[in-house]
Amino acid sequence: MQSVTPTSQYLKALNEGSHQPDDVQKEAVSRLEIIYQELINSTPPAPRTSGLMARVGKLWGKREDTKHTPVRGLYMWGGVGRGKTWLMDLFYQSLPGERKQRLHFHRFMLRVHEELTALQGQTDPLEIIADRFKAETDVLCFDEFFVSDITDAMLLGGLMKALFARGITLVATSNIPPDELYRNGLQRARFLPAIDAIKQHCDVMNVDAGVDYRLRTLTQAHLWLSPLHDETRAQMDKLWLALAGGKRENSPTLEINHRPLATMGVENQTLAVSFTTLCVDARSQHDYIALSRLFHTVMLFDVPVMTRLMESEARRFIALVDEFYERHVKLVVSAEVPLYEIYQGDRLKFEFQRCLSRLQEMQSEEYLKREHLAG
């Protein structure tokens, strides 16, 4: 049976017509293929201890000396819509076995903070966390590597070095090059070791020369789809496939401001979610701010006509649109009626006129070209 590789998956996508030939993507696939082959052909070092002695060592908190040079990884950076996440996923899906992890960088840092809380009072907690990751994986794939929080910045210098020292290979995507991470941040000097570690253990590739596939998809599509019938649902599914790079198979529950938020899909910094979840349930403007930072594209499903009995829902919808607009979030909507018929209430006519104007602008090519403001 022929093995699945990044190259074979890339060629399959071209043959099926789901992606077009792109020289920059082809170069990235070539680099990912090299990493893949080196990982497949490398033999991890044998553990120093096993059985009873290993369990006793762990019980007493002793760590093995597992330092070795990892297979050199890849840090792909560039604007949205360049296919970075799709390329990384080709690589990740090609890797056999379970000793691999693919995480949104925000989720990775949430786990690190949870582990640190549990390890309060321990000496060298970052070393322990690195040990735990090494016990689970040999490859980390980070989507959207971005640092804006001073606490994260202070941790990453030591943590990245510890992960690389244990032979973990990193493949990451980001909107900015390593040298621009945490630019102008407080005490940035303490973050510089993280940048040095990334550049020492990863090739850095700019993918900006390629086609902006997300922009092309959005500019060629209707972004306000109505009415709510089978054809609209099929169009939304087709757009999700193009924007997120896969079918809506996972519907994780997010934690936003310490409260659960049910989704219809999360992938490639794209969120699928219902109007009920965001505007009927009691969500606050702070929730919309958090979502606008996390996702560059939101697909909002099943927006009803907002009558005078839905003024609270309409007010939340206005707040949601305002936050998405300010951070250049791309919004795709399925609705009961066309855009200018969606509000039929009384009290918010003035406010909704401004909202409609923004929604109209958010469908323009000029708006769609704007860079998402995640920070």
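Heads up, the Cβ atoms here are built off N, Cα and C, so glycines get one too.
Keep in mind that what you see is a predicted model, and the values were worked out from it rather than measured.
What Swiss-Prot records for Gly78, Gly79, Val80, Gly81, Arg82, Gly83, Lys84, Thr85 is ATP binding site, and it gives a curator's inference as the kind of evidence. Under a cutoff of 8 A between CB atoms, and with a sequence separation of 6+ in the same chain, the neighbours of Lys84 (ATP binding site) are Met76, Trp77, Gly78, Thr173, Ser174, Val207.
It is Gly83 that, of the binding-site residues Gly78, Gly79, Gly81, Gly83, has its Cβ surrounded by the most other Cβ atoms within 10 Å.
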